[in-house]
Amino acid sequence: MVGGLYSVSYTDVLQLVCIVIGLVISVPFAYYHPAVRHDSLETVDWVGTLAPEDVGIWLDTLLLLIFGGIPWQSYFQRVLSIRSTRIAQMLSVVAMVGCMAMAVPAAFTGIIARGTDWEKVDGFNTNITTNEGEIVLPLVLRFLTPSWVSFFGLGAISAAVMSSADASILGSSAMFTRNVYKLAFRPNASERESIWVLRTALVTVSTLAACVALFIGSIYYLSYLCSDLVYVILFPQLLLVVYWPNGVNKYGSLTAYAVGLVIRLLGGELGLGIPVVIKFPFYDESANIQRFPFKTFSMLCALVSHLLASTIARIIFEQNWLSADRWDVLDAFPHLKMGFNSTNEKYRETPIDGIVGRQDSAVLPIVSMDENSRVFKDGLANPVLIDGRKDSKF
């Protein structure tokens, strides 16, 4: 529809239509249900307050949801399948506006649920407590709307869930097949072999996801936890690779991964039963809550460690304090190795816009050398981003 991954694109369009129709048409029917007390809707008592001691928590969560939502595989899976960078940028901005617009009917649904006397609802006849807040939307669609509206509304929820599920499962399986199996273990794997590995990975990831869904009580918490890890571990690496690609390397990447993960886990996670080891400033002993924005602190530690480790590794090998041929086990500095020359089959210099690339059996060959070429660090080509048109520049 807008590039590759046609099946995913078609599915996304259908799911989006179901979400829009289901949520939009359900709001007026729910609003005019006899059990809804319209006079109570005029009282804005559902707006909470922000206590001064909770500022750190809210700031941490705000930054986490903003920047932790960027390095998602499902997002880049679609961005990298679009024909040009201009279309990708446009759709990203439109998606932001669409997300805000679709939050409006969901918010109205919550307001209606708060003003409903649930004891007068046929088939339910009991009030909703704060513990049931996570299922308010399905309850409104099920009991406050006609059957045919409920059908579309619940279909919208199912579409939203499936939209995330299929993209996550497909993205994780494809990433394992391409980045782990083919690059690390079987560089010469055939297309048929890769397809079977992808199918096996799909079944494995689906099974693991089902197990997690059965043991985790809240989908929102699970999504929030994923954003947490992405924010702490992946966001600083994506930031540096995009804006400072020549200043970072594999050693810094591994160091940042370890530092960010360790500091984050030492801060504790009660939902997973991980105890608090490091008590940051403003720690609440009575509630066992970190009021300091320690997740952002963990992200910044990962960012700084990435820069430091990359710089130290570069100095060590470029100053020849350690031999790159013997000690560069991650192959981060191939140009410093003895076998790096124009006639070597494994390392062959390929200048592209001043960047010295390399071609070997474990990476894709560089297929274009014009000014529009898109290359990764160390000259690795990304065929999805290679586009000869002038309007596809970053």
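Placement of Cβ uses the backbone N, Cα and C atoms for every residue, glycine included.
Listed features, source TrEMBL:
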type	residues	note
TRANSMEM	12-35	transmembrane segment
TRANSMEM	55-75	transmembrane segment
TRANSMEM	87-113	transmembrane segment
TRANSMEM	148-176	transmembrane segment
TRANSMEM	196-216	transmembrane segment
TRANSMEM	222-244	transmembrane segment
TRANSMEM	256-277	transmembrane segment
TRANSMEM	297-317	transmembrane segment
Ranked by Cβ pairs within a distance under 8 Å of the transmembrane segment (222-244), the first of 55-75, 148-176, 196-216, 256-277 is 55-75
Can you find at least 3 Cβ pairs under 8 Å between the transmembrane segment (148-176) and the transmembrane segment (12-35), where each pair is 6 or more residues apart in sequence? yes
Beyond a gap of at least 6 residues from its ends, the CB atoms lying under 8 Å from the transmembrane segment (297-317) belong to 67, 231-233, 235-237, 239-240, 247-249, 251-257, 259-260, 263-264, 267, 280, 324, 327-328, 332-333, 336
